[in-house]
Ligand SMILES: Nc1ncnc2c1ncn2[C@@H]1O[C@H](COP(=O)(O)OP(=O)(O)O)[C@@H](O)[C@H]1O
Ligand SMILES: N[C@@H](CC(=O)OP(=O)(O)O)C(=O)O
(Lines of atoms letter the chains of each structure in order from A; the text may use other names.)
(Lines give C-alpha, C1' and ligand atoms only; values in the text may rest on other atoms or scores of the structure.)
(Ligands and ions follow the chains in the order given, each with its own letter.)
Protein backbone atom coordinates (compact mmCIF):
# COMPACT_ATOMS: atom_id res chain seq x y z
CA UNK A 1 0.00 0.00 0.00
CA UNK A 2 1.39 3.40 -0.97
CA UNK A 3 2.37 5.71 1.88
CA UNK A 4 1.24 8.73 -0.09
CA UNK A 5 -2.44 8.00 -0.59
CA UNK A 6 -3.91 5.67 2.02
CA UNK A 7 -5.99 7.50 4.65
CA UNK A 8 -7.16 6.30 8.06
CA UNK A 9 -10.35 8.17 8.99
CA UNK A 10 -11.52 8.37 12.58
CA UNK A 11 -15.03 9.44 13.58
CA UNK A 12 -15.70 10.49 17.17
CA UNK A 13 -18.78 9.87 19.32
CA UNK A 14 -20.85 12.77 17.97
CA UNK A 15 -20.12 11.66 14.39
CA UNK A 16 -21.74 8.26 15.08
CA UNK A 17 -24.27 9.48 17.67
CA UNK A 18 -27.40 8.54 15.72
CA UNK A 19 -28.50 7.40 12.28
CA UNK A 20 -28.24 10.85 10.68
CA UNK A 21 -24.75 11.42 12.08
CA UNK A 22 -23.66 7.95 10.92
CA UNK A 23 -25.11 8.62 7.45
CA UNK A 24 -23.17 11.90 7.19
CA UNK A 25 -20.00 10.08 8.26
CA UNK A 26 -20.66 7.35 5.69
CA UNK A 27 -21.03 10.04 3.01
CA UNK A 28 -17.62 11.42 3.98
CA UNK A 29 -15.98 7.99 3.84
CA UNK A 30 -17.48 7.17 0.46
CA UNK A 31 -16.54 10.51 -1.04
CA UNK A 32 -12.88 9.94 -0.14
CA UNK A 33 -11.73 6.88 -2.14
CA UNK A 34 -8.35 6.92 -0.37
CA UNK A 35 -10.01 6.15 2.95
CA UNK A 36 -9.47 2.41 3.37
CA UNK A 37 -9.68 2.10 7.13
CA UNK A 38 -12.31 3.68 9.37
CA UNK A 39 -11.85 3.88 13.14
CA UNK A 40 -14.92 4.63 15.24
CA UNK A 41 -15.68 5.69 18.77
CA UNK A 42 -18.84 4.58 20.57
CA UNK A 43 -22.01 6.57 19.87
CA UNK A 44 -22.00 9.77 21.95
CA UNK A 45 -22.79 9.22 25.65
CA UNK A 46 -22.59 5.40 25.42
CA UNK A 47 -19.10 5.24 26.96
CA UNK A 48 -20.17 7.45 29.87
CA UNK A 49 -23.16 5.18 30.54
CA UNK A 50 -20.99 2.05 30.39
CA UNK A 51 -18.43 3.62 32.74
CA UNK A 52 -21.25 4.31 35.19
CA UNK A 53 -22.52 0.72 34.90
CA UNK A 54 -18.99 -0.57 35.42
CA UNK A 55 -18.71 1.35 38.67
CA UNK A 56 -21.48 -0.87 40.11
CA UNK A 57 -25.09 0.29 40.24
CA UNK A 58 -28.13 -0.85 42.18
CA UNK A 59 -30.86 -2.68 40.25
CA UNK A 60 -33.14 0.23 39.33
CA UNK A 61 -30.32 2.48 38.13
CA UNK A 62 -28.80 -0.40 36.21
CA UNK A 63 -32.09 -1.07 34.43
CA UNK A 64 -32.45 2.62 33.58
CA UNK A 65 -28.92 2.85 32.13
CA UNK A 66 -29.31 -0.38 30.15
CA UNK A 67 -32.56 0.94 28.66
CA UNK A 68 -30.75 4.11 27.67
CA UNK A 69 -28.04 2.14 25.82
CA UNK A 70 -30.70 0.04 24.11
CA UNK A 71 -32.72 3.13 23.15
CA UNK A 72 -29.71 4.90 21.57
CA UNK A 73 -28.57 1.86 19.59
CA UNK A 74 -32.04 0.63 18.56
CA UNK A 75 -32.81 4.08 17.15
CA UNK A 76 -30.00 3.43 14.68
CA UNK A 77 -30.93 -0.22 14.05
CA UNK A 78 -34.51 0.80 13.24
CA UNK A 79 -33.29 2.88 10.31
CA UNK A 80 -31.31 0.08 8.73
CA UNK A 81 -32.86 -1.95 5.92
CA UNK A 82 -31.65 -5.30 7.21
CA UNK A 83 -32.54 -4.33 10.76
CA UNK A 84 -33.24 -7.86 11.99
CA UNK A 85 -29.76 -9.28 11.40
CA UNK A 86 -28.07 -6.34 13.12
CA UNK A 87 -30.63 -6.29 15.93
CA UNK A 88 -29.65 -9.86 16.83
CA UNK A 89 -25.99 -8.88 17.05
CA UNK A 90 -26.78 -5.77 19.09
CA UNK A 91 -29.02 -7.86 21.37
CA UNK A 92 -26.16 -10.27 22.02
CA UNK A 93 -23.92 -7.36 22.99
CA UNK A 94 -26.66 -5.88 25.20
CA UNK A 95 -26.96 -9.24 26.96
CA UNK A 96 -23.24 -9.25 27.59
CA UNK A 97 -23.43 -5.66 28.94
CA UNK A 98 -26.26 -6.75 31.26
CA UNK A 99 -24.26 -9.69 32.62
CA UNK A 100 -21.11 -7.64 33.14
CA UNK A 101 -23.09 -4.81 34.81
CA UNK A 102 -24.54 -7.33 37.29
CA UNK A 103 -21.03 -8.58 38.00
CA UNK A 104 -19.84 -4.98 38.48
CA UNK A 105 -22.61 -4.35 41.02
CA UNK A 106 -21.07 -7.13 43.14
CA UNK A 107 -17.40 -6.29 42.64
CA UNK A 108 -15.76 -3.80 40.31
CA UNK A 109 -12.31 -3.93 38.76
CA UNK A 110 -10.42 -2.05 36.11
CA UNK A 111 -10.30 -5.17 33.92
CA UNK A 112 -14.07 -5.59 34.18
CA UNK A 113 -14.56 -1.89 33.39
CA UNK A 114 -12.52 -2.16 30.20
CA UNK A 115 -14.38 -5.29 29.14
CA UNK A 116 -17.73 -3.61 29.72
CA UNK A 117 -16.81 -0.26 28.18
CA UNK A 118 -15.44 -1.90 25.01
CA UNK A 119 -18.99 -2.88 24.03
CA UNK A 120 -19.71 0.72 23.01
CA UNK A 121 -17.18 0.62 20.16
CA UNK A 122 -18.23 -2.92 19.23
CA UNK A 123 -21.82 -1.74 18.74
CA UNK A 124 -21.07 1.47 16.83
CA UNK A 125 -18.79 -0.38 14.39
CA UNK A 126 -21.34 -3.15 13.76
CA UNK A 127 -24.02 -0.56 13.01
CA UNK A 128 -21.77 1.53 10.78
CA UNK A 129 -20.56 -1.53 8.86
CA UNK A 130 -24.16 -2.44 8.06
CA UNK A 131 -24.93 1.13 7.02
CA UNK A 132 -21.99 1.08 4.60
CA UNK A 133 -22.98 -2.39 3.33
CA UNK A 134 -26.38 -0.96 2.42
CA UNK A 135 -24.56 1.46 0.12
CA UNK A 136 -23.33 -1.60 -1.77
CA UNK A 137 -19.70 -1.16 -0.92
CA UNK A 138 -17.38 -4.09 -0.07
CA UNK A 139 -16.94 -3.61 3.64
CA UNK A 140 -15.55 -5.68 6.53
CA UNK A 141 -16.00 -5.30 10.29
CA UNK A 142 -12.72 -5.93 12.06
CA UNK A 143 -12.13 -6.57 15.75
CA UNK A 144 -9.21 -4.26 16.52
CA UNK A 145 -8.29 -6.34 19.59
CA UNK A 146 -6.74 -8.81 17.16
CA UNK A 147 -4.01 -6.29 16.39
CA UNK A 148 -4.03 -3.61 19.11
CA UNK A 149 -1.78 -5.44 21.59
CA UNK A 150 -1.29 -3.42 24.78
CA UNK A 151 0.09 -3.69 28.28
CA UNK A 152 -2.31 -4.88 30.99
CA UNK A 153 -2.63 -1.41 32.53
CA UNK A 154 -6.41 -1.50 32.33
CA UNK A 155 -7.95 1.94 31.83
CA UNK A 156 -4.82 3.45 30.31
CA UNK A 157 -3.06 0.61 28.53
CA UNK A 158 0.12 1.31 26.57
CA UNK A 159 0.35 -0.09 23.01
CA UNK A 160 3.16 -2.50 22.22
CA UNK A 161 4.23 -0.86 19.01
CA UNK A 162 6.30 -3.62 17.45
CA UNK A 163 3.62 -6.26 18.00
CA UNK A 164 0.87 -3.92 16.81
CA UNK A 165 2.89 -3.33 13.62
CA UNK A 166 3.39 -7.06 13.02
CA UNK A 167 -0.20 -8.05 13.78
CA UNK A 168 -1.64 -5.19 11.70
CA UNK A 169 0.55 -6.13 8.74
CA UNK A 170 -0.52 -9.76 9.06
CA UNK A 171 -4.24 -9.51 9.81
CA UNK A 172 -5.40 -6.06 8.75
CA UNK A 173 -3.32 -4.96 5.76
CA UNK A 174 -4.49 -7.78 3.42
CA UNK A 175 -8.15 -6.87 4.04
CA UNK A 176 -7.59 -3.30 2.91
CA UNK A 177 -6.81 -4.30 -0.66
CA UNK A 178 -10.38 -5.28 -1.51
CA UNK A 179 -12.50 -3.85 1.27
CA UNK A 180 -13.27 -0.80 3.25
CA UNK A 181 -12.50 -1.88 6.83
CA UNK A 182 -14.41 -0.59 9.85
CA UNK A 183 -12.82 -1.04 13.25
CA UNK A 184 -12.93 0.18 16.84
CA UNK A 185 -10.95 2.96 18.39
CA UNK A 186 -10.06 3.09 22.09
CA UNK A 187 -9.93 -0.66 22.78
CA UNK A 188 -7.18 -3.26 22.64
CA UNK A 189 -6.15 -6.49 24.27
CA UNK A 190 -3.29 -7.60 26.45
CA UNK A 191 -1.16 -10.70 26.07
CA UNK A 192 -3.70 -13.06 27.65
CA UNK A 193 -6.45 -11.72 25.39
CA UNK A 194 -8.23 -9.64 28.04
CA UNK A 195 -9.76 -6.40 26.73
CA UNK A 196 -7.99 -3.14 27.58
CA UNK A 197 -8.63 0.53 26.80
CA UNK A 198 -6.20 3.30 25.89
CA UNK A 199 -7.80 5.91 28.15
CA UNK A 200 -10.78 8.19 27.56
CA UNK A 201 -10.78 9.82 24.14
CA UNK A 202 -8.32 7.17 22.96
CA UNK A 203 -9.85 6.52 19.53
CA UNK A 204 -7.77 9.32 17.99
CA UNK A 205 -4.72 7.50 19.30
CA UNK A 206 -5.91 4.19 17.79
CA UNK A 207 -6.30 5.85 14.38
CA UNK A 208 -2.78 7.25 14.59
CA UNK A 209 -1.33 3.92 15.79
CA UNK A 210 -2.98 2.03 12.94
CA UNK A 211 -1.87 4.77 10.53
CA UNK A 212 1.67 4.20 11.75
CA UNK A 213 1.43 0.41 11.57
CA UNK A 214 0.04 0.46 8.04
CA UNK A 215 2.14 3.38 6.71
CA UNK A 216 -0.81 5.68 6.05
CA UNK A 217 -0.32 8.88 4.11
CA UNK A 218 -2.76 10.85 6.28
CA UNK A 219 -4.91 10.50 9.38
CA UNK A 220 -8.26 12.28 9.28
CA UNK A 221 -9.98 13.04 12.56
CA UNK A 222 -13.67 13.84 12.02
CA UNK A 223 -15.32 15.46 15.02
CA UNK A 224 -17.93 18.12 15.84
CA UNK A 225 -15.75 21.21 15.22
CA UNK A 226 -14.34 22.44 11.93
CA UNK A 227 -10.75 22.06 13.07
CA UNK A 228 -8.42 23.10 15.85
CA UNK A 229 -9.25 26.57 17.15
CA UNK A 230 -7.30 29.22 19.04
CA UNK A 231 -9.18 27.94 22.09
CA UNK A 232 -12.19 25.72 22.80
CA UNK A 233 -15.04 27.34 20.81
CA UNK A 234 -17.42 26.25 23.58
CA UNK A 235 -15.59 28.58 25.96
CA UNK A 236 -14.90 31.38 23.47
CA UNK A 237 -17.39 31.35 20.57
CA UNK A 238 -15.23 33.86 18.67
CA UNK A 239 -12.20 31.52 18.75
CA UNK A 240 -10.44 31.38 15.40
CA UNK A 241 -9.72 28.29 13.40
CA UNK A 242 -6.05 27.52 12.84
CA UNK A 243 -5.54 26.54 9.18
CA UNK A 244 -2.16 24.86 9.67
CA UNK A 245 -0.36 23.98 12.86
CA UNK A 246 2.88 22.17 13.59
CA UNK A 247 3.05 18.75 15.27
CA UNK A 248 4.79 20.35 18.22
CA UNK A 249 2.16 23.04 18.79
CA UNK A 250 -0.76 20.65 18.32
CA UNK A 251 0.84 18.12 20.68
CA UNK A 252 1.25 20.85 23.33
CA UNK A 253 -2.39 21.83 22.89
CA UNK A 254 -3.56 18.22 23.24
CA UNK A 255 -1.36 17.62 26.28
CA UNK A 256 -2.67 20.72 27.99
CA UNK A 257 -6.33 19.88 27.50
CA UNK A 258 -7.54 20.68 23.96
CA UNK A 259 -9.98 17.78 23.91
CA UNK A 260 -10.20 17.86 20.13
CA UNK A 261 -7.15 15.55 20.02
CA UNK A 262 -6.18 12.82 22.49
CA UNK A 263 -2.79 13.79 23.96
CA UNK A 264 -0.97 10.77 22.52
CA UNK A 265 -2.46 11.08 19.02
CA UNK A 266 0.45 12.94 17.55
CA UNK A 267 3.17 10.59 18.79
CA UNK A 268 2.76 8.04 15.96
CA UNK A 269 2.21 10.88 13.48
CA UNK A 270 5.43 12.59 14.57
CA UNK A 271 7.41 9.34 14.47
CA UNK A 272 6.36 8.77 10.87
CA UNK A 273 5.76 12.30 9.54
CA UNK A 274 2.11 11.53 8.81
CA UNK A 275 0.00 14.68 8.41
CA UNK A 276 -3.21 14.83 10.42
CA UNK A 277 -6.40 16.58 9.32
CA UNK A 278 -9.11 17.65 11.76
CA UNK A 279 -12.57 18.54 10.42
CA UNK A 280 -16.26 18.45 11.24
CA UNK A 281 -18.43 15.56 10.07
CA UNK A 282 -21.38 17.98 10.29
CA UNK A 283 -19.74 20.42 7.87
CA UNK A 284 -17.20 18.43 5.85
CA UNK A 285 -17.00 21.11 3.16
CA UNK A 286 -16.04 23.85 5.59
CA UNK A 287 -12.41 22.75 5.68
CA UNK A 288 -10.43 22.13 8.82
CA UNK A 289 -6.96 22.16 10.31
CA UNK A 290 -3.91 20.43 8.87
CA UNK A 291 -1.27 19.34 11.34
CA UNK A 292 2.13 19.14 9.64
CA UNK A 293 5.62 18.32 10.91
CA UNK A 294 6.49 22.00 10.37
CA UNK A 295 4.64 25.13 9.31
CA UNK A 296 6.00 28.38 7.89
CA UNK A 297 4.17 30.49 10.39
CA UNK A 298 5.31 30.29 14.02
CA UNK A 299 3.29 32.89 15.92
CA UNK A 300 4.37 33.92 19.40
CA UNK A 301 0.86 33.15 20.72
CA UNK A 302 -0.85 30.16 19.09
CA UNK A 303 -3.66 28.98 21.35
CA UNK A 304 -5.10 28.76 24.85
CA UNK A 305 -6.10 25.51 26.48
CA UNK A 306 -8.05 24.73 29.60
CA UNK A 307 -7.87 21.57 31.68
CA UNK A 308 -10.39 21.27 34.46
CA UNK A 309 -10.45 19.19 37.67
CA UNK A 310 -6.82 19.67 38.57
CA UNK A 311 -5.43 18.80 41.96
CA UNK A 312 -2.59 20.71 43.57
CA UNK A 313 -0.38 18.95 46.10
CA UNK A 314 1.76 21.13 48.29
CA UNK A 315 4.43 19.31 50.26
CA UNK A 316 5.98 21.24 53.14
CA UNK A 317 9.19 20.09 54.74
CA UNK A 318 11.39 22.00 57.11
CA UNK A 319 13.99 19.34 56.42
CA UNK A 320 14.31 20.70 52.88
CA UNK A 321 16.12 23.86 53.99
CA UNK A 322 19.75 23.30 52.91
CA UNK A 323 19.04 19.57 52.82
CA UNK A 324 19.75 17.13 50.01
CA UNK A 325 17.60 14.35 48.67
CA UNK A 326 14.11 15.50 49.68
CA UNK A 327 12.97 15.99 46.07
CA UNK A 328 14.45 12.61 45.14
CA UNK A 329 12.54 10.93 47.98
CA UNK A 330 9.27 12.57 46.97
CA UNK A 331 9.70 11.61 43.32
CA UNK A 332 10.57 8.04 44.27
CA UNK A 333 7.29 7.75 46.19
CA UNK A 334 5.35 9.22 43.23
CA UNK A 335 7.09 6.86 40.79
CA UNK A 336 6.26 3.85 42.97
CA UNK A 337 2.62 4.87 42.70
CA UNK A 338 2.89 5.26 38.89
CA UNK A 339 2.25 8.98 39.11
CA UNK A 340 3.86 11.37 36.71
CA UNK A 341 4.14 14.94 37.84
CA UNK A 342 2.65 17.54 35.55
CA UNK A 343 3.60 21.02 36.80
CA UNK A 344 6.00 21.77 39.59
CA UNK A 345 7.35 24.78 41.45
CA UNK A 346 9.57 24.69 44.50
CA UNK A 347 10.61 27.01 47.29
CA UNK A 348 13.23 26.45 49.99
CA UNK A 349 10.79 24.56 52.18
CA UNK A 350 8.01 23.33 49.94
CA UNK A 351 7.12 21.76 46.62
CA UNK A 352 3.87 22.48 44.79
CA UNK A 353 2.92 20.05 42.07
CA UNK A 354 0.00 18.90 39.99
CA UNK A 355 -0.59 15.35 38.90
CA UNK A 356 -0.67 14.33 35.27
CA UNK A 357 -4.14 12.96 34.71
CA UNK A 358 -4.15 13.03 30.92
CA UNK A 359 -4.28 9.24 30.57
CA UNK A 360 -7.17 8.74 32.92
CA UNK A 361 -10.69 10.06 33.01
CA UNK A 362 -9.24 13.50 33.68
CA UNK A 363 -9.82 13.30 37.42
CA UNK A 364 -6.93 13.22 39.84
CA UNK A 365 -8.94 11.78 42.70
CA UNK A 366 -8.30 8.19 41.60
CA UNK A 367 -4.56 8.84 41.58
CA UNK A 368 -4.44 10.29 45.08
CA UNK A 369 -4.80 7.05 46.96
CA UNK A 370 -4.65 6.77 50.73
CA UNK A 371 -1.50 4.67 50.39
CA UNK A 372 0.24 7.47 48.47
CA UNK A 373 -0.84 10.15 50.94
CA UNK A 374 0.34 8.01 53.86
CA UNK A 375 3.76 7.53 52.30
CA UNK A 376 4.12 11.23 51.50
CA UNK A 377 2.94 12.23 54.97
CA UNK A 378 5.82 10.26 56.44
CA UNK A 379 8.17 12.65 54.60
CA UNK A 380 6.41 15.99 54.87
CA UNK A 381 3.18 17.84 55.58
CA UNK A 382 0.81 17.31 52.66
CA UNK A 383 -1.83 19.80 51.56
CA UNK A 384 -4.34 18.89 48.85
CA UNK A 385 -6.33 21.52 46.95
CA UNK A 386 -9.00 20.51 44.45
CA UNK A 387 -11.37 22.30 42.07
CA UNK A 388 -8.55 24.02 40.26
CA UNK A 389 -8.10 24.44 36.52
CA UNK A 390 -4.99 24.64 34.42
CA UNK A 391 -4.79 27.24 31.68
CA UNK A 392 -1.94 27.01 29.17
CA UNK A 393 -0.85 29.57 26.65
CA UNK A 394 0.72 27.69 23.74
CA UNK A 395 3.13 29.45 21.41
CA UNK A 396 6.64 29.70 20.07
CA UNK A 397 9.76 31.04 21.74
CA UNK A 398 7.65 32.23 24.65
CA UNK A 399 10.52 32.10 27.10
CA UNK A 400 12.83 34.02 24.75
CA UNK A 401 10.52 36.91 23.95
CA UNK A 402 10.67 40.00 26.14
CA UNK A 403 7.41 41.35 27.51
CA UNK A 404 5.42 38.07 27.47
CA UNK A 405 5.11 37.98 31.27
CA UNK A 406 3.91 41.58 31.47
CA UNK A 407 1.42 41.12 28.64
CA UNK A 408 -0.07 37.92 30.03
CA UNK A 409 -0.03 38.56 33.75
CA UNK A 410 -1.05 42.23 33.36
CA UNK A 411 -4.32 41.07 31.77
CA UNK A 412 -4.78 38.45 34.47
CA UNK A 413 -4.46 40.86 37.38
CA UNK A 414 -8.08 40.36 38.57
CA UNK A 415 -7.47 36.62 39.02
CA UNK A 416 -5.89 34.73 41.89
CA UNK A 417 -3.27 32.50 40.26
CA UNK A 418 -2.28 29.55 42.43
CA UNK A 419 0.80 28.34 40.54
CA UNK A 420 2.69 29.60 37.50
CA UNK A 421 5.07 27.68 35.23
CA UNK A 422 7.01 29.79 32.77
CA UNK A 423 10.47 29.30 31.37
CA UNK A 424 10.87 25.53 31.34
CA UNK A 425 9.36 25.24 27.88
CA UNK A 426 9.54 27.75 25.08
CA UNK A 427 6.19 26.46 23.85
CA UNK A 428 3.99 27.04 26.85
CA UNK A 429 3.25 29.22 29.81
CA UNK A 430 0.75 27.79 32.25
CA UNK A 431 -0.97 28.61 35.47
CA UNK A 432 -3.51 27.18 37.89
CA UNK A 433 -6.48 29.04 39.23
CA UNK A 434 -9.79 28.21 40.93
CA UNK A 435 -12.10 26.46 38.47
CA UNK A 436 -14.84 29.03 39.00
CA UNK A 437 -12.58 31.69 37.40
CA UNK A 438 -11.03 29.57 34.66
CA UNK A 439 -13.39 30.31 31.77
CA UNK A 440 -13.32 34.04 32.54
CA UNK A 441 -9.51 33.96 32.55
CA UNK A 442 -9.43 32.18 29.17
CA UNK A 443 -11.99 34.61 27.71
CA UNK A 444 -10.05 37.63 28.99
CA UNK A 445 -6.71 36.35 27.72
CA UNK A 446 -8.20 35.34 24.37
CA UNK A 447 -9.72 38.78 23.86
CA UNK A 448 -6.40 40.39 24.64
CA UNK A 449 -4.01 38.10 22.78
CA UNK A 450 -6.03 36.68 19.88
CA UNK A 451 -8.82 39.11 18.88
N1 LIG B 1 -8.68 24.32 20.67
C2 LIG B 1 -9.77 23.59 20.36
N3 LIG B 1 -10.20 23.55 19.08
C4 LIG B 1 -11.29 22.82 18.75
N5 LIG B 1 -12.02 22.11 19.64
C6 LIG B 1 -11.64 22.12 20.93
C7 LIG B 1 -10.48 22.85 21.35
N8 LIG B 1 -10.34 22.67 22.68
C9 LIG B 1 -11.32 21.86 23.08
N10 LIG B 1 -12.12 21.52 22.04
C11 LIG B 1 -13.32 20.70 22.16
O12 LIG B 1 -13.09 19.44 21.57
C13 LIG B 1 -14.37 18.93 21.20
C14 LIG B 1 -14.17 17.77 20.25
O15 LIG B 1 -13.53 16.70 20.94
P16 LIG B 1 -14.37 15.43 21.40
O17 LIG B 1 -15.58 15.88 22.18
O18 LIG B 1 -13.46 14.47 22.05
O19 LIG B 1 -14.86 14.93 19.98
P20 LIG B 1 -15.07 13.47 19.44
O21 LIG B 1 -16.18 12.85 20.24
O22 LIG B 1 -15.44 13.71 18.00
O23 LIG B 1 -13.76 12.75 19.58
C24 LIG B 1 -15.06 20.12 20.61
O25 LIG B 1 -16.45 20.02 20.66
C26 LIG B 1 -14.52 21.29 21.44
O27 LIG B 1 -15.46 21.70 22.41
N1 LIG C 1 -15.60 6.21 23.36
C2 LIG C 1 -14.36 6.51 24.06
C3 LIG C 1 -13.22 6.75 23.10
C4 LIG C 1 -13.19 8.01 22.33
O5 LIG C 1 -12.18 8.36 21.73
O6 LIG C 1 -14.32 8.74 22.24
P7 LIG C 1 -14.46 10.17 21.43
O8 LIG C 1 -13.78 10.03 20.07
O9 LIG C 1 -15.94 10.41 21.28
O10 LIG C 1 -13.79 11.23 22.27
C11 LIG C 1 -14.56 7.67 25.03
O12 LIG C 1 -15.63 8.21 25.13
O13 LIG C 1 -13.63 7.97 25.75
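Numbers here mean position along the shown chain, with the first residue as 1.
Just so you know, glycine gets a Cβ as well, placed from its N, Cα and C.
Per TrEMBL, these features apply:
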| type | residues | note |
| --- | --- | --- |
| BINDING | 10, 11, 12, 13, 223, 224, 234, 259, 260 | ATP binding site |
| BINDING | 47, 121 | substrate binding site |
| DOMAIN | 315-393 | domain 'ACT' |
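Distribution of TrEMBL features across the structure.
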residue	record	CB count, 10 Å
10	ATP binding site	28
12	ATP binding site	26
47	substrate binding site	23
121	substrate binding site	31
223	ATP binding site	24
234	ATP binding site	12
260	ATP binding site	23
**OP:** Let me know the largest Cα to Cα distance in Å among the ATP-binding residues 10, 11, 12, 13, 223, 224, 234, 259, 260, as an integer.
**Re:** 22
Original post:
Cβ under 6 Å from ligand 2: which of the binding-site residues 10, 12, 47, 234 qualify?
Top reply: 12, 47
Original post:
What's the CA-CA gap between residue 260 (ATP binding site) and residue 47 (substrate binding site) in angstrom, rounded?
Top reply: 17
**OP:** Using DSSP reduced to three states, classify residue 12 (ATP binding site) as helix, strand or coil.
**Re:** coil
Subject >> Within the predicted model, mean pLDDT of the domain 'ACT' (315-393) >> reply: 80
Original post:
In DSSP terms, helix, strand or coil for residue 223 (ATP binding site)?
Top reply: strand
Original post:
Do you know which of the binding-site residues 12, 47, 121, 223 end up with C-beta under 6 Å from ligand 1?
Top reply: 12, 223
Original post:
How many Å separate the Cα atoms of residue 12 (ATP binding site) and residue 121 (substrate binding site)?
Top reply: 10
Original post:
What's the CA to CA span in angstrom from residue 47 (substrate binding site) over to residue 223 (ATP binding site)?
Top reply: 16
Original post:
How long is the line from the C-alpha of residue 223 (ATP binding site) to the C-alpha of residue 121 (substrate binding site), rounded to the nearest angstrom?
Top reply: 16
Original post:
What is the interatomic distance between the Cα atoms of residue 234 (ATP binding site) and residue 121 (substrate binding site), given in whole Å?
Top reply: 26
